[in-house]
Amino acid sequence: MSRFLICSFALVLLYPAGIDMYLVGLPRIAADLNASEAQLHIAFSVYLAGMAAAMLFAGKVADRSGRKPVAIPGAALFIIASVFCSLAETSTLFLAGRFLQGLGAGCCYVVAFAILRDTLDDRRRAKVLSLLNGITCIIPVLAPVLGHLIMLKFPWQSLFWTMAIMGIAVLMLSLFILKETRPAAPAASDKSRENSESLLNRFFLSRVVITTLSVSVILTFVNTSPVLLMEIMGFERGEYATIMALTAGVSMTVSFSTPFALGIFKPRTLMITSQVLFLAAGITLAVSPSHAISLFGITLICAGFSVGFGVAMSQALGPFSLRAGVASSTLGIAQVCGSSLWIWLAAVVGIGAWNMLIGILIACSIVSLLLIMFVAPGRPVAAHEEIHHHA
């Protein structure tokens, strides 16, 4: 079992590492490529676009051909793209490399969740996904620090060589440690089971909405945090970094505590708790009379996301034993595109950073609470863990 957990964690971590590792070198990258920092900030969106593009096909291929045939090319593409970015001499080539990096990371991301669906039952999967969420929260804190240390002695290209080394590690795990987990194709007489795993399942769609809104909340917070904390609340850059590190600490603590909570409370209870925390955060930020109260509201956001997201993702994947790859892709596409669309629309309409965050918090909590209470899970699908024996 440990081999599947290690490989899944490694496959997922390429995604946040690709986002956060290079940010510290952005000023030097812009100077060397004769581009403005503003022009290169689009590299974040280009990376997410690459991930979304990968998810359009990676899930289907993973369900038809297996998890390894997607993970191995995905890791290889991430390596090649990282090297390509390090060798880029124009901003156009750099952005092309970032898109390819996103493609590779997207393939690995989809496979990781499919593997967890293949090998774990519902309760254990919820616990593991909560732990994975906590580990993912470490990356935005550690990656810039590691990038800063690297750049003390080496040029910005070394950041992408470091990502390439990470990709090589994932490739080696995928080649030599990971075993195939895709369930055997059903017999012709059992095709009804595969056909019953519809993406239009009400329960699955409800969890797609809940997880997409939750990701929209956390990405809205990350996207608006410089404006909220430095421009509106007046904190210095160093204080901003400290606050963001503390919020990551809250996320990690809650994420690592959630598996223990799942041994006491039902998953539904934790999901309701998550949305109540979002609602409390929205109300707190809306009526806050002081910076201290506002910071408390921000910690509620991090706690709310960490306590509920892994559980919701596990529930979303639950109905799919034969189409876990497609289900994982659908979740990823919805989360990336839905959150990006909200942030873009809010900016176009002219909604301020503060109201943008409050609005998505309250909308997410109300819609999600209604879905949790009125859309019940269907009959659970078995088909996990015994898969190992024919891997």
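Cβ atoms here come from the backbone N, Cα and C positions, even for glycine.
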With respect to the membrane, does Swiss-Prot record A184 and P377 on the same side?
yes
Please work out whether the transmembrane segment (331-351) lies in contact with the transmembrane segment (4-24), by counting C-beta pairs under 8 angstroms that are 6 or more apart in sequence and asking whether there are at least 3.
no
Decide whether the stretches the transmembrane segment (42-62) and the transmembrane segment (158-178) have at least 3 CB pairs under 8 angstroms, with pairs required to be 6 or more apart in sequence.
no
Is the transmembrane segment (245-265) close to the transmembrane segment (131-151), in the sense of at least 3 CB pairs under 8 angstroms with a sequence gap of 6 or more?
yes
Could you name the stretch, out of 4-24, 69-89, 93-113, 158-178, 199-221, with the greatest number of CB pairs under 8 A to the transmembrane segment (269-289)?
199-221
